[in-house]
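Down below is the structure, laid out as structure tokens.
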């Protein structure tokens, strides 16, 4: 088969025009084109047919050294990347090239990054809880298999540690794999995450096949084309794990979904499209929908997505986060105020919520205990001004009891993490859902009113708190 070869006629920033004259056949929209700058391969993606046998492309890599007249080869298909278990423990870029310096990824399975969402008949409509082993999440903002979770958190509140614990726990409890897509990541943060995963055993360098995670990075310094597509590359690997013969529960992290939108906006502007509200691309809802609709459960397995979301200027009505919210099933909010108390994970129990915290799905007991816990914490929050100004002595006996229970609940919402054992010295705890519900039920009913507050801090189950209380006496 003869290769379809064109030549670069124009380069403007990350946009490249390529003219095909040999046989009059133009590459299809979204096809990957290849050109070489010395020995470096540069991948271009066809975005528009602009007439005169010319296609307009978006570059997936730096354009340094490319000039007009360079030959470009049509690959005949969209961007294709290696998928399957060979990607575990490895870092690749948007076009599937390894960037961890450990040689080629030897996978027999190669897949296009563009796929339709699963057919309606193949999708699973069951809503099953994905038990994470993290008490505060499982009780108050439970995740569903195949659900989409928004993770809101600033710098230094424990977002990375929470992500790694979720990776660790899902792998242990469900035998699942994880895919991490760094979209517009700081290179330093991506590097830190990789080394922390090695230290905590999530990535096994000696035996990569025993690793639990595959990483796909499109860093902040990459062209907008790479940042706009890297989430799709990560999702393609996650889909391959989900659709394996035995079926898998896969965890898919995107950090940061806002940067996916931002990169799409840059690409749109470079292609000369008229912007919509606040300068975003006119196809914002479509781009987001195409990504989010592929994140779903099928009869084989599930992809549960945790998406870090940056909110520009804390404006929740901004089109980028507002478009993301429409797809979310649960929100996990990390609070700096809670982190300052030394309570980790620093999940805000009142701001975090989940659509599946419903008695029809989680059961009457779980729902009732969760709402009682939130009620106690909300009452404590409303009493804090009085406590600050007048002190505890001015409260009624009933309010004093509520405050005491709330402080115990706050501390019991903390727990030691497996991935933090290295620097805390405390053994990590995976807490079953039944133990979580039983522990908090006892707390709100007053069964443990006689135990000291300190007994509930950084323990797993309520039995551990009772044992700890005996050592404190």
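Glycine too: its Cβ is placed from the backbone N, Cα and C atoms.
According to Swiss-Prot, the feature ATP binding site maps to 153, 154, 155, 156, 157, 158, 159, 160, an assignment based on sequence analysis. Same-chain residues at least 6 positions away in sequence with a Cβ under 8 Å from that of residue 158 (ATP binding site) are, in sequence order, 334, 339, 344, 345, 346. Reduced to three states, the DSSP call for residue 158 (ATP binding site) is coil.
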Check: same-chain CB within 8 A of ATP site center, minus 153, 154, 155, 156, 157, 158, 159, 160: 334, 339, 346
Other C-beta atoms that fall within 10 angstroms of the C-beta of residue 157 (ATP binding site): 23
Listed binding-site residues (153, 154, 156), ranked by Cβ neighbours within 10 Å, top entry: 153
Intrachain C-beta neighbours of residue 159 (ATP binding site), sequence separation six or more, cut-off 8 angstroms: 151, 153, 308, 334
Binding-site residues listed as 155, 160, least Cβ neighbours within 10 Å: 155
